[in-house]
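Participant: Structure provided below as structure tokens; questions to follow.
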């Protein structure tokens, strides 16, 4: 004890004197690896800062803690340490050693290991690790690999190499590199997984290391023997194996698994294996007392055992709906909101477990409600597929469908008294629609209007009831309260709170229905056609028609064959234009004449209508004698002498006309035609008016009056014939076709 006290006193004096010493300069990594252990550092302080090596039971890392100093001999501790920490001077204070002490199993790497630095998809550089025991990563300049990212700690992590034993052998943990996090703030990531602090994690060739939030990736390169072997198990099998390991570990931690049970299990396995080996012989494919597999009852499960999820993974809702249809049940999803955009979906399956309870498939999903429904359907399909019920034939498992009609389309669990949402009635209506009890007819404008009227009527009735009940409640009763209550109950004027709430809810539903119906009515409303208003011309035309009906149909005037309608009735039509000689057809056209012709035609139509009215008024004023039909037909026929005389006279006059005197001669021609009057007075009046009109409408030298073809009615002004220009026949050919031969 005296020796120990004396040593502690000497160490304390050394610490006091060491505070006034000059701090040591930073040493380069190469020189530091070769430099011997400095004796000026205090081993107790180093021992306090150095972490204890912890072992992860699941990752298979080394379970060798750093050596604990013996209070009796500090010199032996310094000799055992192969790599003591080197003090690194900080810019703002005295020298500070890294908080890491190399374990005794560490040693320099003899294999050609290297560390590649990758950033942005390109390799920035390669650092050789051959001959180094460990590599220190951090933000300080004294670290082996200096990182400038602000999320990297000053001393962040260490890549420690484990050397093999002296005889070339090693422990259960093989030689290689191990990653050790020095309790950094933002952590160290190995293959995108954050490793626990102060724990050695094995790093194989090809593994990727990242420090904090830095984007630089460090890839370990080395011999192929150190590369991690790929597992033959799938991801799901690895997850199941991991779960089993965790369960066994929990049992061991809780002490549930005793050594006796393990011994019993191992003994039973040995006995079973020995009996099987002893009884092994020719069994002809049939074992004695063989237990039939449950899967033999369902061959479809064996057929699709390797591809189970391929049957329903694309559309789980459809597969689950098909199962419920075969079972004769209704598929209903239940939703519970667990939090913000987090849904718990639940489906009750028509299958019982071994204890007789109904199986329920549940799924929690963060996102949309529809996605939670799909996840729940997928989980239900997996449960049913595990039981071998999802892909069975409909004949083998189909149950008898419920006869909803016997129960008035209500379920046995439905209770309308406790229902406040109206969901049960909606389900009942849907069942009735599926059964065909409710005929859905297409809505029309009339049906929508009728529904809107009914909704408005019901809405007004409910509002009146609510108003009356509120008035009764507001009025203070003069009589006894009990008598007033009994009278109100008999009259039914007052409403209790539940009925008032129901009426308010019904009012809200009716208003929504009213808005919906109004929107539909706007869509299907027929087009509004404005009413026809009678104009003055239509009224006068109707009066004239009524007057004409009272007149006789023939014998109105002589020479009526010219004015015979297509229907055979006698009437008045516009006058026929005379046929002009072909000499006038060869005259040149002038553009101004066309506008004058249109104006003159309009004036002619107005005058003709005026003459029609005058003639009708004259015929109504004087009575016309009745004429026999034969005489009327003879009078309606035009005299042939008169027409022949007109044609000859016009041809003679037109042949003698010159270009300068055409206007004057044409007026004389119209006078001669007007002098040749017929025997009747009406014919003379008509010819006079026609001559006056032709005087005003005398064509100029370049004007071409239109000619009528015999194919169309000559006495109908609605028809006109197009006349081809000079030198053309109307078939599209001109003199250029003949000239150039095309």
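Cβ atoms are placed via backbone N, Cα and C, with glycine included.
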Participant: Swiss-Prot annotation phosphoserine: which of 57, 89, 258, 478 has it?
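Facilitator: Swiss-Prot annotates phosphoserine at 258; the rest carry no such entry.
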Participant: Among 275, 366, 655, 709, can you tell me which residue Swiss-Prot lists with the annotation phosphoserine?
Facilitator: 655
Participant: Which of the listed residues, 13, 341, 396, 412, has Swiss-Prot annotated as phosphoserine?
Facilitator: 412
Participant: Of the ranges 307-340, 443-476, 511-544, which one does Swiss-Prot flag as coiled coil?
Facilitator: 443-476
Participant: Swiss-Prot annotation phosphoserine: which of 38, 164, 658 has it?
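Facilitator: Among 38, 164, 658, the residue Swiss-Prot annotates as phosphoserine is 658.
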Participant: Per DSSP, what is the helix/strand/coil residue tally across the compositional bias 'Pro residues' (96-106)?
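Facilitator: Here the numbers are 0 helix, 2 strand, 9 coil.
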Participant: Reduce the DSSP letter at residue 441 (SUMO2 cross-link) to three states and note it down.
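Facilitator: DSSP assigns residue 441 (SUMO2 cross-link) to coil.
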Participant: Going by DSSP, how much of the domain 'FHA' (135-195) is helix, how much is strand and how much is coil, in residues?
Facilitator: 0 helix, 23 strand, 38 coil
Participant: So if I measure Cβ to Cβ from residue 441 (SUMO2 cross-link) and keep only same-chain residues at least 6 apart in sequence, which ones fall under 8 Å?
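Facilitator: The answer is 447.
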